[in-house]
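Annotated features, as they stand in TrEMBL:
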type	residues	note
TRANSMEM	B:21-41	transmembrane segment
TRANSMEM	B:81-103	transmembrane segment
TRANSMEM	B:115-138	transmembrane segment
TRANSMEM	B:144-167	transmembrane segment
TRANSMEM	B:197-215	transmembrane segment
TRANSMEM	B:221-238	transmembrane segment
TRANSMEM	B:259-282	transmembrane segment
TRANSMEM	B:294-316	transmembrane segment
TRANSMEM	B:323-343	transmembrane segment
TRANSMEM	B:363-385	transmembrane segment
Amino acid sequence: MNHNHQPDLSLDLRGEHCPYNAIATLEALADMTAGQVLEVITDCAQSVNGIPEDARAKGYDCLAVEQHGPLFRFLIRVPG
Amino acid sequence: MSLAEFRAQYLVRFWSPIPALLALGVASAYYFAITGTFWAVTGEFTRWGGHIAALLGFSPQQWSYFQLIGLNGSPLERIDGVMIIGMFAGALCAALWAGNVQLRWPTSRRRLAQGLIGGIIAGFGARLAMGCNLAAFFTGIPMFSLHAWAFMLTTVIGAWIGVKLCLLPFLRTPLRLDTAPSSLFADTASLARRARLQNRLGLLIAVLVLGFAAWRFETSLVLGLAVLFGVFFGAVIERGQICFTSAARDLWTTGRTRIAYGILLGMVVACLGTFGAIALGATPKIFWMGPNAALGGLLFGIGIVLAGGCETGWMYRAMEGQVHFWIVGIGNVIGGTLVAIFWDELGGTLALPYPKINLLEYLGAGTGLLLSLAGLMLAMLLVYLNARRFAVREGLAR
């Protein structure tokens, strides 16, 4: 399940529900530079539908969506 | 395929929401044809409020709202009641088999208060309009009751207001950013142990709910079937993470489309099924096309976005151990019960004087069906056009 991409930043969203986790992810990505990778951790399963769809719609690359029991991990890269 | 592969593929990995919603649309039409009522939850939650009021020494049997929706027997003797027990069991079982059950605590008291207030507003709005995202929407439009269209429209408007409220600075929490990767996933042995334990607990819940269904089958075939339908509904909404709130809210936040398309397509297939059942003699549930439907939808839209989930949404999330959504559920029961308490004033002015419009009778059966389907197609087109507002232009990422 582990991915080779080493994240530059890690965003911990445990305990947050929708829409905050998707919005916080996009806000964190907006402050990053081209080529950087963001790791996002949530414990709300719905984010598996939301975060990748929103990130892709905004032009980011969603590299990985992982399920680890009750935790969900996303790796998203700023293109460039 | 080994058992571990099967588990990873079907029990852990979430299902795609569009096929899940199509299946829910088909099953909800069967449910109506078999039980004579639609898939609905808030009416029963309001009855639970009525039972609590009775325990506190009130006489809810005499309240006009309960004369309208009935308060006979216990939840174990009502179709809605046993279906909801099945839904909770189905969602819990699905969450356990996915290893996705854990007590998750909210980030702040402010969020909890937000959940309670949102839950109350959503419960109040839903009961004012005689249904929530199900009875006044997903299973209301396939009853061909005009009020469900008003509810759907105003829910989307209410969701816009809800989004504005949710993004107020005092409801935002600071981002927890770190430059080191998370260390939460290091302990794979304990994750595997948890998964094994949850597998066994899931099996236990499955056996218990089948026993419960068998016991209800002894009373009547309809009650037993209602349990099984509930298990199916609950398991599928958990597996597909079917969030009606997201469909309405994320039209305004990020322009998401997938769940909205799924819900609308689910209603298309449900309409075909319920149309057949009605043609064979089933009686559709039609409610007043009054200000109550529009106002109820508006409040419901605001409430679900504030709370982070609607009635079906909080049910499966509560089973996953998300404490926030236990509070939302309590809020829903309070909100619904408030409508029951003040129904004489509310219903007398906002609902009862207005006609119940059955589109199949008002327009003729064929035209009513075709216009309903055309309306759902139009809604899909609007969802598509709305999403284009958010699209980034090619080559201009972000």
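Yeah, the Cβs are placed from backbone N, Cα and C, and that goes for glycine too.
TrEMBL does not curate its annotations; it predicts them automatically.
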* Structure fact -> Long-range Cβ contacts under 8 Å made by the transmembrane segment (B:81-103), restricted to residues 6 or more beyond its ends, are 7, 11-12, 14, 31, 39, 41, 44-45, 47, 74-75, 191, 194-195, 198-199, 201-202, 205-206, 208-209, 212-213, 216, 223, 226-239, 315-316, 319-321, 323
* Structure fact -> Listed stretches B:21-41, B:115-138, B:221-238, B:323-343 vs the transmembrane segment (B:197-215), most Cβ pairs under 8 Å: range B:221-238
* Return the stretch with the most CB pairs under 8 A relative to the transmembrane segment (B:144-167), choosing among B:21-41, B:259-282, B:294-316. => B:294-316
* Of the stretches B:21-41, B:115-138, B:221-238, B:259-282, B:294-316, which racks up the most C-beta pairs under 8 Å with the transmembrane segment (B:323-343)? -> B:115-138
* To do: Name the range, of those listed as B:115-138, B:221-238, B:259-282, B:294-316, that has the largest tally of Cβ pairs under 8 Å with the transmembrane segment (B:363-385).
  => B:259-282
* Structure fact -> For the transmembrane segment (B:294-316), out of B:115-138, B:221-238, B:259-282, most C-beta pairs under 8 A are with B:115-138
